[in-house]
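Asker: Sharing a structure below in structure tokens format, with a few things to ask.
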């Protein structure tokens, strides 16, 4: 049992009574970060006397109990090893002593001038941006001390921040007012500036397709409306409504294209590319409500209250012209989609289903529906002319409405999927994964996500387990090994050891950050669709 208690210095030991003499050979030292040590294992005189008395008593009991028996095991001393550790430093909940801050943030957040920063310590750090290698930062503690020196107290600094905030709001209001005045000035005297890049978007690619469709559908609506007024045909009314819906929806697409070209701002850091999908989604809803709804309504009213149809000669002529014009727009959209699909390495069907270019898709489907609806309307009107039964004309209106409803449902589905942020193709995701895993610095990757942000822009995210040995070796390859060895040999105290480890530990962390930047750059260069890369270190 645990019967014998021995006390050495300030440490107490309770040892099991195993009838063996025990010899304590330990010496305990506690180290602090300042290099001081305190011996706790040295026994005082009284402790030694008590230990000898207990040892003799124990030896006597052992001789009495084991008389005539040979001891089978030798006497082994017990050694106790204690690690020398640094004293844990308490940083507190808001430790910002070693935090860095850029000059722009120092001026804006602490209400300083550039001349105030000239007196502070400047530190060169690795830049997170691709266009610059290094940039200058300041210690946050120095900036905070300088702001208190300039403004006198935290209350005065808070008042200055509030005043500048109010001035910024007033400046924005004046800027908006000046922009309106400038716009009125341009309207009155004329604008002599070169054509902007936004206007140039409508002379090529999807913008060109949309503008051609707006012009043709606007003319078709005008002539179909005249034909309906002259004949009173329900099918012709549906065709006129169809052309009006197409014109309005394509005008909405043009607005979406112009808005998608806006540059990112702090409120929208990833840009406005999804405006095309939003415009296409609204367009799909508009086709369903305006085109399909009115066509169904007019067809049902024709079935409930039929009336004779006048001469359809002019209606046939206008339908023939509409067929030619809608077919021309359809060919423009098909050629644009084929060219874009070939550039992306996709088939025509995959490009349309995946809604890679929502604006061109809307024009394609609307014009395809227009060509089919012209054929349906002409067939039903022909049956009405041959039989004299107006019900065929009303059935044609219902057929055109059903066709428009199908197109609108497809547009709503594809654009909703795109706005929800669907994943990229598995083959493309596999290529990105293999590129990361083939790098020596990467040991494993987990939780890989690649989201299609629209308009061939991909956001890639992964948790990466880096190989610390490879990162450290990359750091050592850039160092003078002999000088590093001399630094190690000069380490004699705990303070010197701590300073050495902190210096090179921070440099190795910077090397890890540089490796992350290199991997992100490689992913973007080898896969141009990847615009945003988020690598999380495990």
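Even glycines carry a Cβ here, placed using N, Cα and C.
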Asker: Labelled transmembrane segment by TrEMBL, one stretch among 179-199, 242-262, 347-367, 368-388. Can you tell me which?
Answerer: 368-388
Asker: Between 394-413, 414-433, 434-453, I'd like to know which one TrEMBL lists as transmembrane segment.
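Answerer: Residues 394-413 are the ones TrEMBL records as transmembrane segment.
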Asker: Check each of the ranges 143-164, 209-230, 473-494 against TrEMBL and return the one annotated as transmembrane segment.
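Answerer: Checking TrEMBL against the ranges 143-164, 209-230, 473-494, the transmembrane segment one is 209-230.
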Asker: Name the residue range among 312-334, 496-518 that TrEMBL annotates as transmembrane segment.
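Answerer: Per TrEMBL, the stretch marked transmembrane segment is 312-334.
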Asker: Under 8 angstroms, Cβ to Cβ: which one of 277-300, 312-334, 368-388, 394-413 has the largest number of such pairs with the transmembrane segment (209-230)?
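Answerer: That would be 312-334.
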